[in-house]
Amino acid sequence: MKSLRSCRVMNVFQDAVCTLNTLQTNASALEQVKRERGHPQLQLQAMRGFLQRAGLKVEELDRLNIIHVTGTKGKGSTCAFTEQILRKYGFRTGFYSSPHLVQVRERIRINGLPIGKELFTKYFWQVYGRLEETKDAQISSMPAYFRFLTILAFHVFLQEKVDLAVIEVGIGGAYDCTNIIRRPWVCGISSLGIDHTSILGDTIEKIAWQKGGIFKLGVPAFTVKQPDGPMKVLQERAEEIGCSLSVCPDLEEYESEGSLSLGLTGHHQRSNASLALQLSHTWLQRHFLTGALYDVFTGLAETEWPGRNQTLQHSPVTYFLDGAHTTRSMLACVRWFNEVTPQHERNAGGSVVRVLLFNATGERDCAAMLKLLVPCHFDFAVFCPNITEAIATCNADQQNFNVSVENMLSRCLDNQQSWRVLNGQEEKPEAELLIRGGLPLVAERHTDTLVFPCILSALQWISQGRDSVLSDPNKCVIPVKPSINTKAAPLREAVSIHVLITGSLHLVGGALKHLDPSLNS
């Protein structure tokens, strides 16, 4: 009986996710986005309309006691630190973030955990049903994917009566759909850099202007140390809007109060932790609450945020996962990788083969990111699209209908060629991209670089049957040509294999789907 009920829950959950996925390619929604691009203020106007149609009022969001966080790099980690600290104080927390790694419900968390499949399904159909019911001859559109999830998160947090909600901005700030929030309790801006230039602007100053758009009159705001140009813009934005803006101190300045360790590795996490300390402290202060430093320090030490500077040991294969997808975040990723791998290599007690598994999406400068990875001296560079499996069992949570398979594979081949050029290898003729009869099993151009059609086939080739999780009989083993297996001899003979998976959070999420089965439950 229990298994039947579990199947039923899973089926209705998947129905909800598949319906949600239709909002990725909703024709009227895409047309609406095009119209609004030249008039970004219309985005917030449209969001208010969708919120109202879903049966919510902007005024109701004031009850959520929101902490609103934006930035280019580290905003998710900052939110994770902040949520964990306040949860250690005993508060019931809501946390909205993006993107998800394995399952879409990861984006909406209660007390640090993704909402259950039953709750997700229940609240999904409540919101979706209301939006469907309010369509008429004049109003026929549905909100696009991210807008819908934002409305759903607000609805969940209100229904579940959280004490506070940590809300991560999607893109930018000023015109992001989360910015319908009127009265957050405190705002934060993590490290700034160049990303989403077609939407936010092509200079870091223009991007800073967009990020500063989350400031609200009389609401305290904090930021980490920024370059002079964007810092000046943020200060001007704060003055114009009418709020205080403070720069967070270095984390070392807190350590006089006691020993401080972080649950997230990487030097760049120190500024994210400092920002989280200021945000959580300000929230507590404004609620006339104080607490023991033990809760603060324990919160920082116990914070988990998968896919960011994460290490998974599946002896003899060790995976280093980081969703870096800008040049600045890739610099931080390389620094972290170079910090953690020497100890792992010493512990291996023998030969180690290094493998890069890379993909990047959108408008990002892949060549610039790959250039930063060259000094890591990988023995193999493997490229694949953000497709979890090349067979029909792919989880609906990981489907993306906005990019064609052809485009994704072409991008991988471009990345492979960039890697060859960066490593000074002679250019060879273009590999034939065969897609008419289905996905190609392997496209190759050089012995040390390979392109695979999906994440699972790439991981299985890299691990060469030496990772018991990937050797699970329930996982389909995708055959490759004998010549490709011949190239894998160093992987079979090495004492250890070290794999860096980076370039895209979607790639990292797809890898975790296979490498950490607990995330699929």
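The backbone N, Cα and C atoms fix where each Cβ goes, and this holds for glycine too.
Remember, predicted model here, so these are calculated numbers, not experimental data.
Pulled from TrEMBL, these are the features on record:
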| type | residues | note |
| --- | --- | --- |
| BINDING | SER98, GLU168, HIS196 | Mg(2+) binding site |
| BINDING | ARG308, ASP322 | ATP binding site |
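Shown on the structure are the features that TrEMBL records.
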residue: SER98; record: Mg(2+) binding site; CB count, 10 Å: 19
residue: GLU168; record: Mg(2+) binding site; CB count, 10 Å: 23
residue: HIS196; record: Mg(2+) binding site; CB count, 10 Å: 17
residue: ARG308; record: ATP binding site; CB count, 10 Å: 27
residue: ASP322; record: ATP binding site; CB count, 10 Å: 25
Spatial neighbour of ASP322 (ATP binding site) that is closest, considering only the binding-site residues SER98, GLU168, HIS196 and their CA atoms: SER98
When distances run from the Cα of ARG308 (ATP binding site) to each of the binding-site residues SER98, GLU168, HIS196, the nearest one: SER98
Beyond the site residues SER98, GLU168, HIS196: chain residues whose C-beta lies within 8 Å of the centroid, for Mg(2+): LYS75, GLY76, SER97, PRO99, VAL169, GLY170, ILE171, ASP176
